[in-house]
Amino acid sequence: MSQSHSILSSLILLVAIIFCVPHVIAVPWTTDGHAQLSPVTPRYPTQEPSGIRYRNVIPQLTWLCDTAIEKIFGLPPKVAKKPDVPGNVARPTNAQLPATLLAKYGGDVVLRFNLTTPAEEQALAEAADTLFLDIWEFTSNWADIRLREDDVPSLLGLLPKSLQNAYSHLMPDLAKSIYQSYPSMAYADAAFSSKHVERAFTPALRTSKVEGADNIFFQNYQPLSVIIPWMRLMSSMFSTHVRMINIGISYEGRDIPALRIGVSPNLPSEATKPRKTIILSGGFHAREWISVSSVTYAAWSLITSYGKSPAITKLLQEFDFVLVPTINVDGYVYTWENDRLWRKNRQQTNLRFCRGLDLDRGFGFEWGSSTQTNPCSESYPGDAPFQAVESHRFAEWAKNETENNNVHFVGFLDLHSYSQQVLYPYSYSCLADPPSLENLEELGIGLAKAIRISSGEQYTVASACEGAISSKIPGYSSTSRMEMGGGSAIDWFYHELGVRYSYQIKLRDTGSYGFLLPKENIVPTGEEVFNVIKYFGDFLLGDKGIEKAKSSEEEPITKPVKSELPLGVMEEESVISDEIEDEYEDINLELKRRRR
């Protein structure tokens, strides 16, 4: 009986794979356990949209596909439900927290300082550098700093009187907040007791639904050990328009995987032209988990919208999208296994006890403008340009694509967190304006409006060079900033590689949770990024984000009912476009205001 059940299960799995995966691509593995992915990306076959069509023709196959995926990934573990934060729900006491977590972050707090003058900004930056404090984030109004509660008097003693009372406790108990940020209490316990954490968390493909999401993959943050198989599955299930590629190898020997999404042109004359390509990257800084989940969400939305959404179908015919969930794969793994707030990569420095380089300060353009020479600093760029292995691999891959693979990069969107900002070059200095400043501002304002119209969230638009208060004071250019900006990725792609539209987008939130954004924000933030991509693509097509699908002259693409919409395809897509069209005049008014 047991043998018959096993045979039946195997047959179900085989049939499901045949229906769910139109062209399964074998991914070879090296002897060290890493996927052997070719950095040279093959062109896509010219086929009609597939992969998703099976679910439309035979809806019953949805159950069969889910069964197959559950067999591949496993069922959800039975763990206690994690209490929500904040609210009246009971939180774990210090006695319940893992000892290693308490040893590292017990007694740590996050303070927010309100800044109003250049002198205050400079004083806070110098004090934080003197005490080796972790500057979490800063904007035109505030700066968030992590430190031990016992060190607060020392910090205040280095600050002017105007700042000594201009702060508040953003996170009064950081250790508890970190513990709450893991997908499950069981996983958090395992993360601080054993390095073999993949056994403690097995992703499931079906459970109780989260509002606004039908896929459990986006109901929680996922570790790299889950993201890579998921990417491999996407490339197999939707092989007509998706390829899994490798950007390079990290310092610790891990692959840096990416998904290339797009459809090759049907006409031979078009196929010989350089392929216009847009990059969406996340995870430069390991602790910024929402940037990683937002890249995977955007990838899923693009992949499953092809053939269903006319706007997305056209974008994938006109552009390739390369989506890199995390450049900093070593650091990202480290945040799951050891230190949730680790920021840099895991590269060795000249100080044995201070590992890691800031990948977003390691690129070659204006690298020398970053004066941080302390290897223990969270912003340490290394001793030379491109010393950071992952930054070097990323840049080399991009150059190789343009020089040898007939690729023309037309856009670069680098996701970070937090503070809800859309930033454009230059990052290294406020004294130099980019040649295409007006175009960068115009598109940046449009991206922020696309987010506001779709979700109501406010994203500010500014030059990446602006310090904590420099944008407030006309004619003032900050030279002593909270964090030096030389060697940034957006500057290098813009200036060295000639990518005309290069942006850093700092995602949710504005500080209530900081890097520890609750899982309930994964889908809403992912939707914001997806709307950014749609507006970005339409803008490059010359449609200013208000493209309308042709009706009578083309064969219509049936729009499914709401319950059948793939994750990420918003029913109100046309409504959003109409509202963007109505408000496009506001963008011109904003640009005129900035010119005064």
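A Cβ is built for glycine as well, from the same backbone N, Cα and C atoms used for every other residue.
Following the DSSP three-state reduction, the secondary structure of HIS285 (Zn(2+) binding site) is coil. As annotated by Swiss-Prot, Zn(2+) binding site applies to HIS285, GLU288, HIS416, with the evidence given as sequence analysis.
What Swiss-Prot lists as domain 'Peptidase M14' is 220-540, and the listing cites sequence analysis.
Here Swiss-Prot flags ASN114 (among others) as N-linked glycosylation site, drawing on sequence analysis. Under DSSP, ASN114 (N-linked glycosylation site) is assigned to a strand (E or B) in the three-state scheme.
Taken residue by residue with DSSP, ASN400 (N-linked glycosylation site) is part of a helix. The number of other Cβ atoms within 10 Å of the Cβ belonging to ASN400 (N-linked glycosylation site), over all protein chains shown, comes to 14. According to Swiss-Prot, the feature N-linked glycosylation site maps to ASN400 (among others).
Taken from Swiss-Prot, the feature signal peptide applies to 1-26.
Reported as a whole number, the C-alpha separation between GLU288 (Zn(2+) binding site) and ASN114 (N-linked glycosylation site) equals 23 Å. Across the structure, HIS285 (Zn(2+) binding site) and ASN114 (N-linked glycosylation site) place their CA atoms 25 angstrom apart. Across the structure, ASN400 (N-linked glycosylation site) and HIS416 (Zn(2+) binding site) place their CA atoms 25 angstrom apart. Neighbours of the Zn(2+) site: apart from HIS285, GLU288, HIS416, residues of the same chain with C-beta atoms within 8 angstroms of the site's C-beta centroid are GLY282, GLY283, PHE284, ALA286, ARG287, SER291, ARG343, ASP360, LEU415, SER417, LYS506, PHE515. On a Cα basis, ASN114 (N-linked glycosylation site) lies 22 Å away from HIS416 (Zn(2+) binding site).
Cβ neighbours of ASN114 (N-linked glycosylation site) (same chain, under 8 Å, six or more residues apart in sequence): ASN141, TRP142, ALA166, TYR167. Using a 10 Å Cβ-Cβ cutoff, GLU288 (Zn(2+) binding site) registers 27 neighbours. Over all protein chains present, the Cβ of HIS416 (Zn(2+) binding site) has 21 other Cβ atoms lying within 10 Å.
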